[in-house]
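J.: Okay, handing you the structure first.
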Amino acid sequence: MSSLSSLLFLAFCLSLLFLGSNSKDDDRTTYIVYMGSHPKDRGSTRAHHERMLGEAIGSSFAPRSLLHSYKRSFNGFVAKLTEEEVQKVSEMKGVISVFPNGKKQLHTTRSWDFMGLSQQVSRVPSVESDIIVGVLDTGIWPDSPSFLDEGYGPPPPKWKGSCEASLNFSCNNKIIGARSYRTSGNYAIGDIQGPIDSNGHGTHTASTVAGGLVRQASMLGLGTGTARGGVPSARIASYKICWSDGCPEADILAAFDDAIADGVDIISLSVGGHTPNNYFNDSIAIGAFHAMKNGILTSMSAGNDGWKPFTIRNFSPWSLSVAASTTDRRFLSKVQLGDGRSFNGVTINTFDLNGTQYPLVYAGNIPNVTAGFNGSVSRFCTRNSVDRDLVKGKIVLCDHFVSPKKTIFLEGAIGIIMQDNNPKDLSSPFPLPASHLGTQEGALIFSYANLTSLPTATILKSTEGKYKATPFVASFSSRGPNPITPDILKPDLSGPGVEILAAWTPLGPPSGAKEDTRQLLFNIISGTSMACPHATAVAAYVKSFHPSWSPAALKSALMTTAFPMRAELNPEAEFAYGSGHINPLSAVNPGLIYNATEIDYVRFLCGQGYSTKLVQQVSGDNSSCSRGNFDLVFDLNYPSFALSTPISTSISQVYRRRVTNVGSANSTYNAIVSGPSGLKITVNPSVLWFKALGEELSFEVTIEGSISSSIASASLVWDDGHHKVKSPIVVFDPNTF
């Protein structure tokens, strides 16, 4: 055989080998292998993970299959595996769980004043400036005026992180760290690699927590005032985990791994999934557990899946789950018809048509018949259903809310008027003049548009208005009960999450629509994503007064001092707002705290049926789930009380709790219980006498009787005349939701 023939034969063989290996790779998908805490005798290394993979899938495939190793704060790795290989790996020694690398989704001039946290409140600047907030989000825009570092010294000595600097990104003494994560190595078209924020969400949340003071901030004139974070002196460490196609769980865990080791004090995470998962099959719950284990509180958004029950997506007991509620400010976008009538709708409309009247057309009258649509479909302004030639230069009336990102199908229109029965507590920016009204006003506009020979309308720039009764939980905010552990009340509390003005990136369209060419430094958006950083900031504010407090102590302070909220404004009651609306000033001095440590959560996990082997791997110690060494869910030292039980069933349930005195050295607290008829709630002892700060006393709460409706709300207040330590008590029938 000639040398040329030999080379061709060798190339052919290699190509077959390559194609075979590629075929096998095509059968693999990305999984996260979680292995708990680091083994005490050695750290987790990439080499160790490769050896493990080699045993399961063969040593030749292991290096290419292994995508990432978690080795700083906990043990685990990310790998491409077939279903058969997943089964093999899951049975290996030391593996707790193997789950797909799914994708989570991204879930202020007025809000801080609304809560009483004015610019003049008492602060501890030297401590606050040493607090590092880790923000896991879409990155950050470093050139925002909210992140200037004038007057800041170098990062605190505890900081062990780094800055992923580049030609378009650098850190300073305000943004002291920035990293980005993309375990797959594949980027969507338009994504900018590195920690720079091209979306806006991460910049918005980071500035809500710790943005500096920016006077005369506004969104093109809307919401004008001083924009600031709740802890404006704190430092920011940004961890970019979200991209245009979502937030991969492997990257979320990688960010937790780094943030914990970097030395952050609090983690803020406005991200969540669409389906509930058990605690150790969920990247966020896993990361938050290891953060708690290292003394770091994780504050998380409850989710934006609406008012239906069991929709909350971040609910682990060792984290803080935050619902979204209103402030007293709202934005109204008025529609004026050619006959002089006007109607107030809701959107964030920065466009000014100067009162000019434009032709008004009903979408149901202009279907895209070429594409096969008729008026019964086009009236909803769904994708490609409206004839684009007939909307040009006109204002379109649609019979349903249209996402700002989908108005591209109305290209050429002057504006859009939407009418439906959906709640009107969510105002969104649009890439064109827009207003969202109810069906009553919509019917009048519909009649005018169809009975007038030349109907016209205009949409005015938004103006500020007031809610008559506030705060109330937004309709989009996810509700409890807790889908995994119903007897732990979730969400924990609510915070401002509706129409929040904060910093933005000029790289991200403010409406999210690609055709939106406005470049802004501030934007007004809504979501539990906006509520979460408010709670994060309050926790950081409390920590600046009490640097040694545990994550559970911080959480307790926020929950037991929350403002009560009204069930008549929130039919889902505590499953909408938890303990109530966050109250920053009172949280600094709560009087008593319900503390909990890793041991308490391990005992809770044992009580939930987790094995000794698993909790030892998770905790990295010799914890045991032997008899007498576990707690029922009712004994977890949580600041709220929940009980799931069928209606009309006789109940008798005891809760055991401990409170630590952080108020006055010599103090006496009396138990005050309120509740509905049908329930008998007793506290033993009903009086707690404290003789020293830091003293811990125990008590029991017993609930007896039955409920006659789906939710029965009660409360326990410990009162010493100066502090009112409030805990909600909720008895409910989960089968009636």
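Residue positions begin at 1 at the first shown residue.
Glycine residues also receive a Cβ, built from the backbone N, Cα and C atoms like all the rest.
What TrEMBL lists as active site, charge relay system is Asp137, His201, Ser529. Annotation comment: TrEMBL describes 30-107 as domain 'Inhibitor I9'. The domain 'Peptidase S8/S53' feature in TrEMBL is assigned to 129-580. Summarising the annotation, TrEMBL assigns domain 'Subtilisin-like protease fibronectin type-III' to 635-731. According to TrEMBL, the signal peptide annotation covers 1-23.
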J.: May I ask for the distance between Asp137 (active site, charge relay system) and His201 (active site, charge relay system), taken between their Cα atoms and rounded to an integer number of Å?
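T.: Roughly 7 Å, rounded to the nearest whole number.
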J.: Among all protein chains shown, how many Cβ atoms are found within 10 Å of the Cβ of Asp137 (active site, charge relay system), not counting that one?
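T.: Neighbour count, Cβ to Cβ under the 10 Å cut-off: 29.
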J.: Could you round the CA separation between Ser529 (active site, charge relay system) and His201 (active site, charge relay system) to a whole angstrom and send it over?
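T.: The separation of the Cα atoms works out to 8 Å.
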J.: Within the chain of His201 (active site, charge relay system), which residues six or more apart in sequence place their C-beta under 8 angstroms from its C-beta?
T.: Leu106, Asp137, Thr138, Cys242, Ser270, Gly508, Ser529
J.: Could you please provide the mean pLDDT value for the domain 'Subtilisin-like protease fibronectin type-III' (635-731)?
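T.: That stretch averages a pLDDT of 96.
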J.: Treating G and I as helix alongside H, and B as strand alongside E, what does DSSP give for the domain 'Subtilisin-like protease fibronectin type-III' (635-731) in helix, strand and coil?
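T.: The counts are 1 helix, 60 strand, 36 coil.
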J.: Can you count helix, strand and coil residues in the domain 'Inhibitor I9' (30-107) using DSSP?
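T.: Its residues divide into 24 helix, 24 strand, 30 coil.
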J.: Ser529 (active site, charge relay system) has how many other Cβ neighbours within 10 Å of its own Cβ?
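T.: Its Cβ has 29 other Cβ atoms within 10 Å.
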